[in-house]
Amino acid sequence: MDSPSGSLSPVAIDLAGVSKSYGGKIVVNDLSFTIAAGECFGLLGPNGAGKSTITRMILGMTSPSVGKITVLGAQEPGQVRLARAKIGIVSQFDNLDLEFTVRENLLVYGRYFRMSTREIETVIPSLLEFARLESKANTRVADLSGGMKRRLTLAGALINDPQLLILDEPTTGLDPHARHLIWERLRSLLARGKTILLTTHIMEEAERLCDRLCVLEAGRKIAEGRPHALIEEQIGCPVIEIYGGDPQELSLLIRPNARRLEISGETLFCYTPDPEQVRAQLRAYSNLRLLERPPNLEDVFLRLTGREMEK
């Protein structure tokens with residue numbers, strides 16, 4: 001997908017010089033980004049970075065102190081109703097009635113948008129198929145697995161056929177199989193032209209799904225770009241994780257062959273274009289465990305913020 005700056009794709013979301021303060025504390029600071037229609041854009045950042053506040057402003061739930069936000073052609077918050085009718089929301093926690101069946105929960109979702117029962121019943125079969133819940137239509141939600149509940153929540157967010165989906169930590173707490181099934185469903189939505197704004201702590205999720213992403217720290221944008229471009233720009237070489245020794249002592253030994261070194265807890269991260277030379281330097285330390293791997297978004301986050309993403 002072409003980037004918004006170089007394409008004629010319609011703009012789904014535009015933030016221009018947006019800041020937000022609460023009680024004199026700046027929680028979002030001069031933030032600007034544009035999301036093209038049909039792309040998946042990720043917001044990455046530690047707790048307190050401003051992700052939730054940004055989402056609330058996009059939804060018109062709070063107004064920016066400074067700057068302008070436009071969503072699906074409507075300027076928030078004054079035209080919020082025009083935009084909200086075209087937005088589906090998946091919050092971090094399932095908003096389901098456990099005593100209702102799967103079908104009944106979808107009926108409730110539809111009524112939020114003032115859809116008639118006939119209209120809702122018309123779309124329920126396709127939503128059940130999308131969520132892979134055809135055989136669970138009359139099952140109580142309390143009897144579903146965690147992955148099934150998340151797929152039902154996602155299906156509910158699609159009840160009004162939204163142009164834009166806002167997903168807050170959509171796979172947190174799921175096992176790998178359930179997580180991959182959600183990712184597959186989200187990719188199918190992108191293939192249908194839906195726009196997705198994704199906030200996540202899961203770096204693999206961001207790397208797999210996002211066309212572009214924005215890394216936040218203390219309310220400021222510290223990086224923006226395509227995942228693999230950011231990895232190449234910020235890291236650009238293999239990584240060796242070193243466990244079992246004194247990180248400070250080991251860093252002095254291997255520094256001449258390292259492009260950069262990072263210490264996180266008891267782990268030494270060595271970014272090096274010459275992994276074999278580093279391994280040779282460490283052979284005398286029999287108690288060490290080494291993991292050599294390609295760089296990833298977790299490394300980018302550590303590089304930019306100096307700390308790991310909270311789990």
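Yeah, the Cβs are placed from backbone N, Cα and C, and that goes for glycine too.
Using a 10 Å radius centred on the Cβ of GLY45 (ATP binding site) and all shown protein chains, the other Cβ atoms total 25. Under the three-state DSSP scheme, GLY45 (ATP binding site) falls in the coil class. If you look up Swiss-Prot, you'll see GLY45, PRO46, ASN47, GLY48, ALA49, GLY50, LYS51, SER52 marked as ATP binding site, on the strength of sequence analysis.
As annotated by Swiss-Prot, domain 'ABC transporter' applies to 13-243.
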Site with most surrounding Cβ atoms, counting all protein chains shown within 10 Å, from the binding-site residues ASN47, SER52: SER52
Cβ neighbours of GLY48 (ATP binding site) where a neighbour is any other Cβ within 10 Å: 14
Averaged pLDDT, computed only over the residues in the domain 'ABC transporter' (13-243): 94
Cβ neighbour count (within 10 Å, all chains shown) around ALA49 (ATP binding site): 23
Check: same-chain CB within 8 A of ATP site center, minus GLY45, PRO46, ASN47, GLY48, ALA49, GLY50, LYS51, SER52: LEU216, GLY219
